[in-house]
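Right, one structure below, let's go through it.
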Amino acid sequence: MKRAFIMVLDSFGIGATEDADRFGDVGSDTLGHIAEACAKGEADNGRKGPLNLPNLTRLGLVKAHEGSTGKIAAGMDGNADVIGAYAWAHELSSGKDTPSGHWEIAGVPVLFDWGYFSDHENSFPQELLDKLVKRANLPGYLGNCHSSGTVILDQLGEEHMKTGKPIFYTSADSVFQIACHEETFGLDKLYELCEIAREELTVGGYNIGRVIARPFIGDKAGNFQRTGNRHDLAVEPPAPTVLQKLVDEKQGHVVSVGKIADIYANCGITKKVKATGLDALFDATLKEMKEAGDKTIVFTNFVDFDSSWGHRRDIAGYAAGLELFDRRLPELMELVGEDDILILTADHGCDPSWTGTDHTREHIPVLIYGPKVKPGSLGHRETFADIGQTLATYFGTSPMDYGKNML
């Protein structure tokens, strides 16, 4: 029985790539800077001491980081026995965004340039805004700018509740984000608005990767909170991913846990499981692993590393999240069967010590574990698509156009 379990620790980069200068990210290092802060006692809020990730270390995380950066992460064990195969991978895609990283992991790098809304104020074309107001029968809109998702709620959340005007905002990513109150505006109405925005962006040729619904609750600035009912409307990958090939060619199954299905626009997904928060995502993953049959991929995105701690530049929160994940990792490893493979990886970096609030261009870890996986270094990988090609070889699908088998 062949099964693959893919765990994406969203934004968990392990050191700047060779082309990081193109992105202003030279010196970024999500793992390294978290470990450094922990070792200095600068991340003791809700946790304490050096970064403690013994299980990820045994799978080769510290070695992969050393390969990427040339140094051992502060306070971590560079001499631990390694029981998995490990690598550090460079992104071939032109961006450092979520769809690009995930699609490339599945064997389809993004070699075109996304469209972006680059102006920090009055970010969106008036023609687009007018169409949204007319089609959705809106009283107007708020925002129309670049912003952090939590900051803009404090700035405009109360006005949104009074006026019913949705909050439109973007970032350095190829995104159009819409924040609305779940109760006063309504979740269904928000989703309908996002569908309209997706249509207009596609028809208008803006080439925007995602429209993101950002529902929130609360009653005043300071206590607004985004909920777990986020919904991403992505464009479809430009070519069949290894997920699609497994389903189409082998009549296999792909189980999405978390936001995976949204990222792939449901292409190649046979089952969707929603969960919010690190523990809930982990619990849902364990349940699906226990139930998974032959020719199945269980694919989970642990979004909190990115959304809750990376973008918010919360080093202590990120460290605590990693330590929680590591404590629970043995539960997951115990479910890996004789012919199974477990792959732990990321989709980009989001260094919580870095300036700004955006992603960072970094190598990602590729940690592969299974009874038949030979432990040791798989070296520097030129593309995330090596993961997709490895899965294609493992399941016996037709080969991907990009990437090399690692096993």
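Here the Cβ of each residue, glycine as well, is placed from N, Cα and C on the backbone.
The annotation Mn(2+) 1 binding site is assigned in Swiss-Prot to Asp10, Asp347, His348 on the grounds of sequence analysis. The secondary structure of Asp347 (Mn(2+) 1 binding site), as reduced to three states from DSSP, is coil rather than helix or strand. The number of other Cβ atoms within 10 Å of the Cβ belonging to Asp347 (Mn(2+) 1 binding site), over all protein chains shown, comes to 28.
For Asp306 (Mn(2+) 2 binding site), the count of additional Cβ atoms within 10 Å of its Cβ stands at 25 [all protein chains shown]. Annotation comment: Swiss-Prot describes Asp306, His311, His359 as Mn(2+) 2 binding site.
Close to His348 (Mn(2+) 1 binding site) in the fold, though at least 6 residues off in sequence, lie Ser11, Gly13, Glu91, Lys96, Asp97, Thr98, Ser100, Gly101, His359, Thr360, Arg361, Glu362, Ile364, each with a CB less than 8 Å from its CB. Taking Cβ-Cβ distances under 8 Å and a sequence separation of 6 or more, the neighbours of Asp10 (Mn(2+) 1 binding site) in its chain are Thr98, Asn301, Phe302, Val303, Asp304, Phe305, Asp306, Ser307, Gly310, Ala346, Asp347, Cys350. Minimal Cβ crowding within 10 Å, among the binding-site residues His311, His359, is found at His311.
Summary of the Mn(2+) 1 site environment: with the site residues Asp10, Asp347, His348 set aside, the chain residues having Cβ atoms within 8 Å of the Cβ mean position are Val8, Ser11, Phe12, Thr98, Gly101, His102, Asp306, Ala346, Gly349, Cys350, His359, Ile364. The Mn(2+) 2 site is set by Asp306, His311, His359; from the centre of their CB atoms, other residues of the chain with a CB within 8 Å are Asp10, Ser11, Ser307, Gly310, His348, Cys350, Thr357, Asp358.
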